[in-house]
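One structure below.
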Amino acid sequence: MKQYKDLCRHVLENGEKKGDRTGTGTISTFGYQMRFNLQGGFPMLTTKKLHFKSIAHELLWFLKGDTNVRYLQENGVRIWNEWADENGELGPVYGSQWRSWRGADGETIDQISRLIHDIKTNPNSRRLIVSAWNVGEIDRMALPPCHCLFQFYVADGKLSCQLYQRSADVFLGVPFNIASYALLTMMIAHVTGLEPGEFVHTFGDVHIYQNHVEQVNLQLTRDVRPLPKLRFARNVDSIFDFAFEDFIIEDYDPHPHIKGAVSV
């Protein structure tokens, strides 16, 4: 995708070398935005092969409200293993915040159910927002949310989503995040009777780890290929009824996978 290659160039050309929590070191910039028209194909990176199974199962795991890696491991997904404790627990991370945000009065709020209800009943609302940044529970999370707030917008029968990502690993994380939130937008559009619109990806600290520079430069030498298509295998009424088998990716022809170390 041209948008992704432009992001890589922007960080390499304008970034500052900075230390970071992991000790790896980054090239970092602050503030950037990409836009993807979801009518023009499913925005899954073609300059390296992505593991769609991991993307889809992680999203389904979030939507279940789950915070234990057992479900992921049972489905061959290992991307959260480094942060889990000996029992597989991660604390009140994304799934907990999306489905059971703990309010000051002790009440839990299902933000996803409320969001879908509001899209159906009040599509012009400017409050179609889900937040994972629960200040009162940050210290109990194995990893504070990187993609921490997203908002939906309905116009002309189309549903668009904007994500704010406070911290973005350009090589490993961002390609997953693009595909994940594009998929989420398409799923919510499906169950609310809308068409997918745009996915807008807004960044805070967007960075390339020092040990990923070679891999990023390799991607910049590769031609962008046509985007794949994503369709659903059946009609689904509830966002919580989707299963991995419902997602069909067609015409995905990426360049070969590129390995990179995860900074924990």
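Along the chain as shown, residues are numbered 1 onward.
Each Cβ is built from the backbone N, Cα and C atoms, and glycine gets one as well.
Given the structure is predicted, the values throughout are model-derived calculations rather than measurements.
So that you can see what the record holds, here are the features copied from Swiss-Prot:
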- Arg21, Arg126, Arg127, Arg166, Ser167, Ala168, Asp169, Asn177, His207, Ile208, Tyr209: dUMP binding site (BINDING)
- His51, Asp169, Ser263: (6R)-5,10-methylene-5,6,7,8-tetrahydrofolate binding site (BINDING)
- Cys146: active site, nucleophile (ACT_SITE)
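Neighbours of Arg127 (dUMP binding site), defined as other CB atoms within 10 A of its CB across all chains, total 10. Counted over every protein chain shown, other Cβ atoms within 10 Å are most numerous around His207 among the binding-site residues His51, His207.
Of all the binding-site residues in the list Arg21, Arg127, Asp169, the shortest Cα-Cα distance to His51 ((6R)-5,10-methylene-5,6,7,8-tetrahydrofolate binding site) is found for Asp169.
Here the recorded positions are Arg21, Cys146, Ser167, Asp169, Tyr209, and the one whose Cβ sees the fewest other Cβ atoms within 10 Å is Arg21. Here the residue listed as 'active site, nucleophile' is positioned 15 angstrom away from Tyr209 (dUMP binding site), judged by their C-alpha atoms. Looking at Cys146 (active site, nucleophile) and His207 (dUMP binding site), their Cα atoms lie 12 Å from each other.
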